[in-house]
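Heads up: the structure comes next, in structure tokens.
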Amino acid sequence: MSALPNATDNEKARSNQLELAIETVQHVQRTSPESTAEEPEPHIHAKTWILLIVRANTLPEETANLLILSQVIVAVYFVQVLHVAGNALLSTSITAITGGADQKIWLISTLAISAAALGAPVSQAADFWGRKWFVVGFTGAGCVGCLIASRAHSFGVVIGGQSIACLALGAQPLVHAIASEIVPRKYRSFAQASVNLASSTGGIVGILMGGALVRHSPQGFRVYFYITAGLYGTIGLVVAWLYRPPLRRLQVEMSQRQRLAELDCPNIIGPLVVGVILLIVFVLYEWKVTTTGILHHGLFSRGRNFAICLALIFTEGLAFFAANTYYAYESVVLYDRNVFHAGLEFTVVFWTANVGTALTSLYVSRTKTFRNPLIFATMCVAIFFAAMSSLNLTTRWSPIGFAVFLGVGLGSALNTVIVAAQLSTPPELIALASGLMIGMRSTGGTVGLSIFQAVLSSTLMKLPADVMSRVLPLGLETQYVETLLNGLALQNVSQIQSIPGMTPQIVMAATLGVKDTYMASFRNVWIAAAAFAAVAMLFSCLIRDDKKEFNAHIDAPLETAAELQSEGGTLMLQRLGPCDLKRSAPVGKGLV
């Protein structure tokens, strides 16, 4: 809607007709008996299905621009996951050039923390100020941050660049919300499947591209950041040019002061920055003081499902970031694979996630249930972590088979839990619900990485003693143990050969000592992750299926009321409530 209609006689007449239509629909809904007959299929225009693919809430009229925009919006989500997956894989190569190997976990944590902190506030703000400039602005930040990281010669500069680039993930929850709200509810599993397919494809490309670039030199990480920056910048500019959504209803109805009063950003960002104490204060405030903040009480007004979904997606995020950080790392250390081949093996997760999300979306849509898929998904994740804890130096190819369980589990879980959360909350809170879900997913990743890194580091503290016990009996002097460990870590053959009294037997013994210690460290990480997955499986058993929510209702139709009933008659209007009819009235185009 470009402007509010004037109060002319024609507008008054049209308003009276609209109110009469609303009363008629309400009368039909009150007097119609319950029926098990199949719901009339909504007449959804082709532009809506194209829009589902592009994940935006309006399109230019020109066909050429429509096709271009469809590719651009997909690329926004694609490049975000490409950035996350490649960044994790290249952490060792980056620290080999810039130093800071003991702090490389922050390369991943910065991305997770940003998504956790920004998810809910950005989703809430998008209802007040529109979505375009959040997408454009945050995507532009991704470009700037990656350029800074690409020129870094110290670890601090890399972290600084990533702290800016990670802002690009702030708009990620809007993708999930838009994809669902423009199609009938019974098709939401397909909508979320399309989001996951773009995500998996970005992960595959990011890992393969990053691994290939550092295959011959760790300096290749700079080219990776150049490419990522170029993708972010190009996409941001094209979205700014082509994406012209109409004003949303709250943009028209609320003043700037009202929007700022409703926006509850400090209450979500503060706890994540200053720690657990303010987090408790935040929860108490949202629970006892306000009912319309980020933890809007309406989100929990339809039963326990949404709270359980928050717990489940917390664990899903924890599982993804754990595997994304430590799977390839373990393959490189234990089985002497290069970064490219380790990343290539990890793409099995994304390939099988595509299969899992497609099959699960079909199952959820047909059975109108999500408890069984969630139990199955969390069970697959638990099996993956339990199986990974059994690895040893002789199980060289086993991780590839185990990755299938993780891919199927994550693909099925993320799809289903988002659908369950959105169908368990009021339609007007879908963006906020999606923002909280994605924020909680990243929070799970942040918390998980902190726990797992502590577990890993505590075991690796024994590394010098373990290696020393193996090499001292073979004649190596104590003062050269640290030099030997550094040479093995950097794969610096000349440094190792320069050690007095060095023999092939000593090198072999030290290598086995390093691998045994790392193997024990990774085993503890996988056991801890398996415990979280087992708890999630128990939580998934508590989800309630609500089949009546899988209907033909569209929360944010792109078509007008007249277009919606063009092939369905008056019955077609029964799937829209009074608010939807007012929004769909032909007083403007798109969502208002």
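Just so it is clear, glycine is given a Cβ too, placed from its N, Cα and C backbone atoms.
According to TrEMBL, the features are:
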- 63-548: domain 'Major facilitator superfamily (MFS) profile' (DOMAIN)
- 66-85: transmembrane segment (TRANSMEM)
- 105-126: transmembrane segment (TRANSMEM)
- 132-150: transmembrane segment (TRANSMEM)
- 157-175: transmembrane segment (TRANSMEM)
- 195-214: transmembrane segment (TRANSMEM)
- 223-243: transmembrane segment (TRANSMEM)
- 306-327: transmembrane segment (TRANSMEM)
- 339-362: transmembrane segment (TRANSMEM)
- 374-394: transmembrane segment (TRANSMEM)
- 400-423: transmembrane segment (TRANSMEM)
- 430-456: transmembrane segment (TRANSMEM)
- 525-543: transmembrane segment (TRANSMEM)
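Sequence-remote contacts of a segment are chain residues at least 6 beyond its ends whose Cβ falls under 8 Å from one of its Cβ atoms, and for the transmembrane segment (400-423) they are 176-177, 180, 185, 188-189, 192-193, 196, 200, 305-306, 309-310, 312-313, 316, 319-320, 323, 327, 345-346, 348-357, 359-361, 364, 370, 373-374, 376-381, 383-384, 387-388, 430, 433-434, 437, 543, 546, 549-550. When Cβ-Cβ distances under 8 Å to the transmembrane segment (195-214) are tallied for each of 132-150, 157-175, 339-362, 525-543, the top count falls to 339-362. Contact check: the transmembrane segment (374-394) against the transmembrane segment (306-327) gives at least three Cβ pairs closer than 8 Å, residues 6 or more apart, which meets the contact criterion. On the 0 to 100 pLDDT scale, the model's mean across the domain 'Major facilitator superfamily (MFS) profile' (63-548) is 80.
If you look at the transmembrane segment (339-362) against the transmembrane segment (430-456), you find fewer than three C-beta pairs under 8 angstroms, all six or more positions apart, and that falls short of contact.
When Cβ distances are compared across the two stretches, the transmembrane segment (306-327) makes contact with the transmembrane segment (525-543), since 3 or more pairs at least 6 residues apart fall below 8 angstroms. For the transmembrane segment (157-175), the residues of the chain that approach it from at least six positions outside its boundaries are 55, 76-77, 79-80, 83-84, 87, 94, 98, 100, 106-107, 110-111, 113-115, 118-120, 122-123, 126, 131, 134-135, 138-139, 141-151, 195, 225, 228, 232, 431, 434-435, 437-439, 442, judged by C-beta separation under 8 angstroms.
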